[in-house]
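Per Swiss-Prot, these features apply:
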type	residues	note
BINDING	585-592, 1491-1498	ATP binding site
DOMAIN	549-782	domain 'ABC transporter 1'
DOMAIN	1453-1691	domain 'ABC transporter 2'
TRANSMEM	23-43	transmembrane segment
TRANSMEM	271-291	transmembrane segment
TRANSMEM	319-339	transmembrane segment
TRANSMEM	354-374	transmembrane segment
TRANSMEM	383-403	transmembrane segment
TRANSMEM	408-428	transmembrane segment
TRANSMEM	454-474	transmembrane segment
TRANSMEM	933-953	transmembrane segment
TRANSMEM	981-1001	transmembrane segment
TRANSMEM	1225-1245	transmembrane segment
TRANSMEM	1250-1270	transmembrane segment
TRANSMEM	1366-1386	transmembrane segment
Amino acid sequence: MGSSKRQFKAMLRKNWLLKTRHPFVTSAEILLPTIVMLLLIAVRTRVDTTIHPAHSNIDKDTVVEVGKGNSPSFPEVLKLLLAEGDFLAFAPDTDETNNMIDILSLKFPELRLVTKIFKDDIELETYITSAHYGVCSEVRNCSNPKIKGAVVFHEQGPHLFDYSIRLNHTWAFAGFPNVKSIMDTNGPYINDLEMGINTIPTMQYSFSGFLTLQQVVDSFIIFASQQNNDLPLSHSNLSSALRFELPWTLFSPSVIRMVPFPTREYTDDEFQSIVKSVMGLLYLLGFLFPISRLISYSVFEKEQKIREGLYMMGLKDEIFHLSWFITYALQFALCSGIITACTMGSLFKYSDKTLVFTYFFLFGLSAIMLSFMISTFFTRAKTAVAVGTLTFLGAFFPYYTVNDESVSMVLKVVASLLSPTAFALGSINFADYERAHVGLRWSNIWRASSGVSFFVCLLMMLLDSILYCALGLYLDKVLPRENGVRYPWNFIFSKYFGRKKNNLQNRIPGFETDMFPADIEVNQGEPFDPVFESISLEMRQQELDGRCIQVRNLHKVYASRRGNCCAVNSLQLTLYENQILSLLGHNGAGKSTTISMLVGLLPPTSGDALILGNSIITNMDEIRKELGVCPQHDILFPELTVREHLEMFAVLKGVEEGSLKSTVVDMAEEVGLSDKINTLVRALSGGMKRKLSLGIALIGNSKVIILDEPTSGMDPYSMRLTWQLIKKIKKGRIILLTTHSMDEAEELGDRIGIMANGSLKCCGSSIFLKHHYGVGYTLTLVKTSPTVSVAAHIVHRHIPSATCVSEVGNEISFKLPLASLPCFENMFREIESCMKNSVDRSKISEIEDSDYPGIQSYGISVTTLEEVFLRVAGCNLDIEDKQEDIFVSPDTKSSLVCIGSNQKSSMQPKLLASCNDGAGVIITSVAKAFRLIVAAVWTLIGFISIQCCGCSIISRSMFWRHCKALFIKRARSACRDRKTVAFQFIIPAVFLLFGLLFLQLKPHPDQKSITLTTAYFNPLLSGKGGGGPIPFDLSVPIAKEVAQYIEGGWIQPLRNTSYKFPNPKEALADAIDAAGPTLGPTLLSMSEFLMSSFDQSYQSRYGSILMDGQHPDGSLGYTVLHNGTCQHAGPIYINVMHAAILRLATGNKNMTIQTRNHPLPPTKTQRIQRHDLDAFSAAIIVNIAFSFIPASFAVPIVKEREVKAKHQQLISGVSVLSYWLSTYVWDFISFLFPSTFAIILFYAFGLEQFIGIGRFLPTVLMLLEYGLAIASSTYCLTFFFTEHSMAQNVILMVHFFSGLILMVISFVMGLIPATASANSYLKNFFRLSPGFCFSDGLASLALLRQGMKDKSSHGVFEWNVTGASICYLGLESIFYFLVTLGLELMPVQKVMSFSIGEWWQNLKAFKQGAGSSSTEPLLKDSTGAISTDMEDDIDVQEERDRVISGLSDNTMLYLQNLRKVYPGDKHHGPKVAVQSLTFSVQAGECFGFLGTNGAGKTTTLSMLSGEETPTSGTAFIFGKDIVASPKAIRQHIGYCPQFDALFEYLTVKEHLELYARIKGVVDHRIDNVVTEKLVEFDLLKHSHKPSFTLSGGNKRKLSVAIAMIGDPPIVILDEPSTGMDPVAKRFMWDVISRLSTRSGKTAVILTTHSMNEAQALCTRIGIMVGGRLRCIGSPQHLKTRYGNHLELEVKPNEVSNVELENFCQIIQQWLFNVPTQPRSLLGDLEVCIGVSDSITPDTASASEISLSPEMVQRIAKFLGNEQRVSTLVPPLPEEDVRFDDQLSEQLFRDGGIPLPIFAEWWLTKEKFSALDSFIQSSFPGATFKSCNGLSIKYQLPFGEGGLSLADAFGHLERNRNRLGIAEYSISQSTLETIFNHFAANS
């Protein structure tokens, strides 16, 4: 094997070539993420940014004074509580609390009327959340009042006063602005990225009354503390104080104002804030396509077994994965670079460009690893792409749950284990930092803006990559797989492999035993004991030298649900060098399992095999250095050239770099592909691909070649060329060949082994097996006319044991036993005499004796290898069926279980509907409208049916029968197809369920308690001033006193500054207007100081103080300027001031006030009503879920067209309209299930946006219309696909993008005023997509509820809400369905090139009945001039004259000058596929249609079946023209296509029932007709199995049965036995023979590549070459006319032990005759046997003597034939490798040959020489054909003036004993020889 580095480079080059050969797809992978970015950039450029100059922010709207204006005073609060009947709560229920209420009640008497005291905070919360909260009568003194707010004390002195102000979520007062929510205490405490001013927190604090309560409580604390500085105010001293006037106002903060900080100049970018919530999703959608492609690549190579093929050739597992990782890492690096370059000036203008690149690149790496991990679960690319893409998208959903500031950091990190979630969280950081014009940089990635820092997001994506990689590698080893070794789950932690190897080695039997020991176990009950031909001494020597493959007791057992199944049972087999072993066996015999174990794809259960001395268990790496495999299915890349394939595999096999090019060129030349070396594989024919696979197996000088059905699918001529190639390369190699072709096995196999039930039943040469198992010869005689009675007594007189096997038409066949060989000569002479007399008598016209034995011709054929196979392997005809039952994948088994249950229960869908009385009128109106629409559609259907079907469908019951049958077909298939069920029901349901669940699980915790303190400011500071600087105006005396007691920061004195705001006069005027002429200028001065001193401290400032002078009543007033980056800054600095005032008032510096903001918990009613579900996200989830449904609509449609099942239905009589209408109805009904589930989920999750009052009807209408519109639009898209897997993936992506991305883009554009008008215009085009209409309608409903729609849109049916979507969807349902019918009439690739007139002509043709999809190329009359100048054969001309003259008008079928020409292109001219074809087919005739691939057979059948339209000429079926009346002739035709056109999920019985209905079998006879066919084709035991579980043979049986259902008079069979093993093939032949020749009622047209099949079935055969009919006639007629030789195979008697011993003794005597030997020879002899005086010719063993080259030459001279040994040195012709080569190779490798081996070779050569001399003298003109060391083959001249059969048998039989002939056989030229003759001359 090649080095790891070279293998890695080869894999990278392969990946690179695969990418570059698909430039569009690769470009899309790279650019689609960029396109999403460009769309955002385009929107971004339309959004204008606003530049805000520096501003003081002092105006009427921003200056707030507590208790004035919109901020309610405490008396106003109490009055409002009284008016609404609500209460203000206090806790705990202590004396201090009651005293406070008593004192405050003196000043505010209404307080006692609205006060409710609770024992403690817990009792308060329990009451608030209880079910009876707020439930009371309208009587004022109700027991369960609503609580609007509460004051809860935690400490009540003497030094610390700690309390919480708790407000209700619905706190709002009539007459004040509607504050939708109270302060958010769960949000970030500080947001340094906030730009400008954010007045919302200030308004919330002031409007809600929080500051009012804070002022009242703090004033009371200051007042009460002044009464007793040491003790808290008690009830005792309070009672005495009540008699005096209390100093209420002393140090009381009576005037409190709040003003925001000034702001510097900034640019407001609303774009980032708008797209922030959807940015992560949009980015992710851009990566979906490259992710789907990566999953597809990973699984495709596994699905197509390419990966295992690479492993077989020596590729290391880790290199395979690493190559794909590097490939996509480079691709994502390029993509990330492009994204960075495109966004550096727009989306990420302020961020570090390297950080942007790192962000996208790390996500790309994690996506690669996630895709790899996902791919390990799948073996089918189609399923993997669909589910993998969904999984990838689903990994984003936790983002909706954790994207909340209240979610803990730990939960966000855990969610970030899903890389899409980590990616989306990172996008939030980008949006926040970009909006702040700061940008993300390496210096600030530690600071979080979304609760999790950008650094953590990057780190998690990197960690995810490593985690996914580890999991993927582990799962790839342990998950079940179709090929390769599956590791145990704990292989990482155990020494499993070491123990396994040792255990297996201990069980391996000794390899020194004979190949087939005498005590070999034979299964009980087998009809035959194993039979093996003996081997030569040279072969035994190979076993001793380790130059062969030795399989010993190889055993493989599979575990299944039904128990263990033995696939290979103690296999014993040896393969030798320079030989080809053909391994035969029925399907499931164990051949493929054996090969899989030999190449290392499967581990053996027990036993072992040594390949060139290396164990397959312990030394597989060494074996693969010499191993070349040509698998059954080509492991080729269509996008690579021949050279690139050979180069890649040469590197894997270790070919040196210096010789790589020459090795590749030589191998291409050796396999006959030198002229195609730079051709892409997809442009190669099937035969060329097999040659390339063969070259791949041979390259690197592979010594062991395994060929698994190397010629499958080839025509006979290409097959012969491949056989010659395989013969050519077998020298010096060990070749194992498996095949179903007996001719191939016989032609190539030096030895043939037959397996059955996992064991080897026999092994030997072809002639050995034939004579051991053969039944003799087949004699075929052709009578002069059908009425002539052939004298069978001629045959029986000579051979009484002869049996008649068939008599059809003019031919009769006899089976002659082998024992009758001596009688053949006399019998043939009498037959030839009768032939001569028949010719003489035919000249006398008046003699008409029907009893005269007139024989026109005769032929003889020997027992075929196929008959041997049938005797050995065909004894148990059910073996294939048993294997089908046993070897079923787990997926299949589960499917079968489901099918069983489906058959027991019928589908009974129920339509449930409900409505309330209020909507009754609306529903009634809609129902009437719906009935009108149905009537209109029905009328339209009637019109279309008249146009398409020729008459009204209402009067045609057959139309409805077809619709019903097709509907049942779709229903059954869909219900059993787990993928369809998953796509249509499970995936949408699960996706919708979990998506809504994630949104519902989005945390909505109770608002937490926060302490209003400066401790959170500047956390890096330490010491007393931990809160940072507090700018303080000390110009007022009281200010200096208060400043001394300030804590929570250090005082920064106000200084004069020269800074002025822009427009200073305007700023001053605003300040005076807002705060008055005294305070206004002072506030402006403070703001100017804040601006000028911005950079004087590295610590942030969050508040500053301006104090008024002390008021006359002793009260104080002050103004707090607060920083907008902290939403709690205002009340925090109020608390700082009040605590300082308390200390000043009491003179106690240890006293303080601590205020907390802790909103009350939501009430039970509020919790039910508060579904803070993001409506827009809900619409996205619904749209994504429903995007999978149209993909499920497309799959069965494209798949039916792909396997030609659709065409099979159309030619069986189905009309286009019935096909599409039944499909449409089923798809709509199936759509109702996920739609109903969606409605149920809407109710379950309380989505009032969709099912609330007035919203249910539009939601249901949109769902139903969406089902109709999306189905019909999907039908239109299906015409653009030829592969269902590609259709599923692309259509899924189309609906993803058209429905989701367009909706998101439209949503974003609609929110931005600058793009709103453009959005309204674009929506008219976007709505052409049903997905957009549906998602936009749902989003509009949801956004209407959120108040985000236009104010003009009040009703749900408004045009801009759901009206447009409902109208568009309804129209699209009809429009797209009509387009579908139009596309059916005109293929998509021709729509653009067709003019209206041509389309109309095609429509007229369709009206006349050409109801299938036309695939006819448009060709002008100029093609009529294309012709070929070739004279017709005389038989062909006679047939043509007979048809043209009208003599065949009464026949069932005749073709008349049928011609088909395909148009050319700019590179190639027109191609004539069929040229003037003329012949007829009679009733009871089986016409064989033979020809090479591309000869025109399938095209001819396509024209007869209506799939193609002739260019010129026509054909007549029962006198009806196939061009003029295509529909009329279909009822007479049964068609079996070349490839099974089956529905994989329908059972065998259901297939037959479907086509019985289609073909018009009456209902009451369908069961009988179907049962008859099941019995006739031996399918009764499979009747309830779905077709995908059938073997290839049973599938072909079903296809033929479908063609014969309804007993059509004409049956067309296109290669009906392809892929069958001989047992199944013989059964099929018998069925077809009964149909045609035996019943005499049906005409059969048969195409085949098997000449044996044509010989067995066809009464007449026509051979097509180049589109023309070259010959026609019965099989025997063709063989008699074109056959010019006999095939002779002779095997001499084996060399006996006596002969061998005597010959060795002669040579020993001569060798030890020392005086006569030269000294050099004596030296060699001493070396060979050692020097010992005791050694004599009598005591020396022959096996101890090794002959050197000189000794061999001397011995040959002594024996008198020195020339014979010269063949040991020079090579023989390349086309044949004889015994000489093996000895020659051993002689030069080992320096000598053992004497017994040389003796055996010499004696064998003597026998061959004698035979050759006899044959050359007895049969002049005989030519040598081949020799395999065991037998020789000759071609003998035969025919006019040549040898007769009687002469041939007579010569051989008379000289048989004299020449020592063990076995011989003579046969005539085969049909294959004649076929190859015509093919070679084409």
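The backbone N, Cα and C atoms fix where each Cβ goes, glycine too.
Feature annotations (Swiss-Prot) mapped to structure.
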residue : record           : contacts (Cβ under 8 Å, 6+ apart)
Gly585  : ATP binding site : Lys591, Thr738, Ile754, Met755, Ala756, Ala873, Asp1621
Gly1491 : ATP binding site : Asp715, Lys1497, Thr1647, Ile1663, Met1664, Val1665
Asn1493 : ATP binding site : Ser685, Gly686, Gly687, Met714, Asp715, Ser718
Ala1495 : ATP binding site : Asp715, Met1664, Val1665, Gly1666, Gly1667
Result, the transmembrane segment (1366-1386) in contact with the transmembrane segment (319-339) (3+ CB pairs under 8 Å): no
Per-residue pLDDT averaged over the domain 'ABC transporter 2' (1453-1691), given as an integer: 84
Distant-in-sequence neighbours of the transmembrane segment (408-428), which means Cβ under 8 A and at least six residues beyond its ends: 276, 279-281, 283-284, 359, 363, 366-367, 370, 392-393, 395-396, 398-399, 401-402, 449-452, 454, 456-458, 460-461, 463-465, 467-468
Contact check, the transmembrane segment (271-291) vs the transmembrane segment (383-403), 3+ Cβ pairs under 8 Å, seq sep 6+: yes
Cβ contacts under 8 Å made by the transmembrane segment (454-474) with residues that lie 6+ beyond its boundaries: 321, 355, 358-359, 362-363, 365-366, 368-370, 372-373, 375-376, 413, 416-419, 422-423, 425-426, 429-430, 440, 445-446, 448, 492
C-beta crowding around Lys1497 (ATP binding site), within 10 angstroms: 27
Secondary structure at Lys1497 (ATP binding site), reduced by DSSP to three states: helix
All-chain count of other Cβ atoms within 10 Å of Lys591 (ATP binding site): 25
Mapped DSSP class for Asn587 (ATP binding site), helix or strand or coil: coil
Surrounding residues of the transmembrane segment (23-43) on its own chain - C-beta under 8 Å, 6+ positions past either end: 271, 275, 279, 282-283, 285-287, 289-290, 293, 331, 334-335, 338-339, 342-343, 346-347, 360, 1301, 1305, 1308-1309, 1312, 1315
C-beta crowding around Ala589 (ATP binding site), within 10 angstroms: 27
Packing count at Asn587 (ATP binding site) (other Cβ atoms within 10 Å of its Cβ): 22
